[in-house]
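Below you'll find the structure, written out as structure tokens, and then a few comments.
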Ligand SMILES: Nc1ncnc2c1ncn2[C@@H]1O[C@H](COP(=O)(O)OP(=O)(O)OP(=O)(O)O)[C@@H](O)[C@H]1O
Ligand SMILES: [K+]
């Protein structure tokens, strides 16, 4: 490749969130009036990529959207955030991924996700992106696209000594054992850790135990995020788990906090390769802690200029 290498490449999902706020959730067959509607940019892959970009990482997204209004709009959203879009494919065989979300006045929601074009991302697109994947500093994957595609991307990265972050979300109980060996950092939340290990993860102690179990399966390190409690970090080379607390904040909307954390982690891994993982996790906690103080997903993600200098 002649051009400069990327810091972070995300191989993952794009979703358009169609959000309606209504006094209550409609029953089957019923039509009700809501009081607010908005469209948001979401999808775990894109969220993580955009958070990394806002912190200053040179990023590229490998994903698939539809040849439709939402797909065009999403590509513009990437450009607006400085994300490289040469590996964003557009297909006429499926619609851009969409999440139709209804939120009631009590804050409860009902969601229908149609993954659409996300499921058509496969080998062909990965091969097109391979020259860039070979030279990136960090590659990030989740499970909102075909798991086979995620696995193939992680393998490509590993074969080229590129650092990998794997976020097994949304969790699948029968996650293939081969995902662990291709993860430099295996980063999940409490409920994903619970589903994967089969034991409850409700506090730091239980997170340490679950982390040890995940580590045994072959990843180089594990991070389990614990909402307002921060996270735990475990590394193959240091047997004792580390608890990384976070500063208390007044949370107004925690939607997308996990993705903000992972995007920030990817940025730190790319920019400060020798920084201890606990320190990166501490700083990612701080970034995600800012995201919970604003509504929405990407709309709540901070830019480098909004954050204290000590985080850089
Ligand atoms: N109430 C909070 N106060 C401060 N930080 C928070 C809070 N909630 C989340 N965070 C930060 O965000 C990180 C990720 O949160 P969490 O573990 O809830 O992920 P998640 O369940 O994947 O989030 P979500 O599904 O809401 O996107 C935490 O490790 C922490 O750093
Ligand atoms: K938020």
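Cβ coordinates come from backbone N, Cα and C, glycine included.
Summarising the annotation, TrEMBL assigns active site, proton acceptor to 259. Under 8 Å, Cβ to Cβ, and six or more positions away along its own chain, residue 259 (active site, proton acceptor) finds 44, 47, 48, 51, 297. In the three-state DSSP reading, residue 259 (active site, proton acceptor) counts as helix.
The DSSP secondary structure for residue 17 (substrate binding site) is strand. The annotation substrate binding site is assigned in TrEMBL to 15, 16, 17, 43, 44, 45, 46, 47, 144, 259.
Summarising the annotation, TrEMBL assigns ATP binding site to 189, 225, 226, 227, 228, 229, 230, 246, 258, 259, 285. When Cβ atoms from all protein chains are considered, those within 10 Å of residue 258 (ATP binding site) total 23, not counting its own.
Taken from TrEMBL, the feature K(+) binding site covers 253, 255, 291, 294, 296, 300. Here the Cβ of residue 300 (K(+) binding site) has 21 other Cβ atoms within 10 Å, regardless of which shown protein chain they belong to.
The domain 'Carbohydrate kinase PfkB' annotation in TrEMBL covers 7-302.
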Check: Any idea what DSSP makes of residue 189 (ATP binding site), helix, strand or coil?
Finding: strand
Notebook entry, point to check: Per 10 Å Cβ neighbour count, which of the binding-site residues 17, 144, 253 ranks highest?
Noted result: 144
Notebook entry, point to check: How many other Cβ atoms are found within 10 Å of the Cβ atom of residue 230 (ATP binding site), counting all protein chains shown?
Noted result: 23
Next item on the list: Please list residues from the chain of residue 228 (ATP binding site) whose Cβ is under 8 angstroms from its Cβ, counting only those at least six apart in sequence.
Entry: 246, 248, 251
Check: What does DSSP call residue 300 (K(+) binding site) in the simple three-state scheme?
Finding: helix
Item checked: Env. residues of K(+) site, Cβ within 8 Å of mean position of 253, 255, 291, 294, 296, 300 Cβ -> 252, 254, 256, 257, 292, 293, 295, 297, 299, 301
